[in-house]
Amino acid sequence: YKLSIAPEMDIMEYCRKEWRGNTPVAKRMRKGYEAVAQKFACIRRVRGDNYCALRATLFQALSQATQLPSWLQSEDFTMLPENLLSKYDWIKQWQLKQKLGRKMGEISDEIKEYLILLRKKWKNISEIKSPIEKQEACDKLFKNEEEEYSLYEALKFLMLNTAIELYNDDKNGRRVPVFSWLLFARDTSSNPCQLMHNHLNHIGHSGGLEQVEMFLLAYALQYTIQVYRLYKYSTDEFITLYPNDPEEDWPVVTLITEDDRHYNIPVRMCQETML
């Protein structure tokens, strides 16, 4: 098996190993890591395929989950694929993991299975009281490739559902967050169908998440994703929030990136910042 999330390593030790030189970039990265080290003691490296933003976010959400989010509890949650496919024929072209030529019924059943798996894993992990056992359960889940990738399919489908809701809200004159306009202002995603074909279908295969899709992921999970963007150190974008005007009751997960493409996760909050 391949470990998707590497074991903890001291954050400054990691930084010294990765950024040795005296170039302006290396200096900036070291400063960025020093700032993160004020809050977090360790870093865990996230496997660098095109799922890494989903992987890092989901791992952080699960490892601090104490309850099942309300959207995961709703009765019609698992009916989502069926309901959407009945309204939008184009969803038949959803690109499932490496399996081509499916019939319409199968795609809806398969996504339903992924959503059920997501709910089950989230529920089980959130019920574990001991932090050590919770961490072990997360590590175990992220060593199981079959389950792990099924969960990313579930997340991508939830992102599609959120995009459809935002698109329809905007068309019906309801207020939508600013990122939603940006999402649909791109030539490659002027509507949810294009978003699926040109972006969501490629996540994990030929591309990762773009910035505007980080907002979409945050909205789909109803989590605030706080990212230390190290190459933006000493600018006001060093710590970026997705969304930037988060709902008060959304939990927060924290990630680190050096380039907005690959994400790692900081762990072990320093004692004084917890108080």
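Yeah, the Cβs are placed from backbone N, Cα and C, and that goes for glycine too.
A TrEMBL annotation is a machine prediction, not a hand-curated record.
If you look up TrEMBL, you'll see Asp49, His262 marked as active site. The annotation active site, nucleophile is assigned in TrEMBL to Cys52. Here TrEMBL flags Glu237 as site 'Linear diubiquitin binding'.
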Exercise. For the recorded positions Asp49, Glu237, His262, which one has its C-beta crowded by the most other C-beta atoms within 10 angstroms?
Worked result: His262
Exercise. Given the recorded positions Asp49, Cys52, Glu237, which one's Cα is the least distant from that of His262 (active site)?
Worked result: Cys52
Exercise. How many other Cβ atoms are found within 10 Å of the Cβ atom of Cys52 (active site, nucleophile), counting all protein chains shown?
Worked result: 22
Seminar exercise, completed: Taking only the CA atoms, the spacing between Asp49 (active site) and Glu237 (site 'Linear diubiquitin binding'), expressed in whole angstrom, is 25
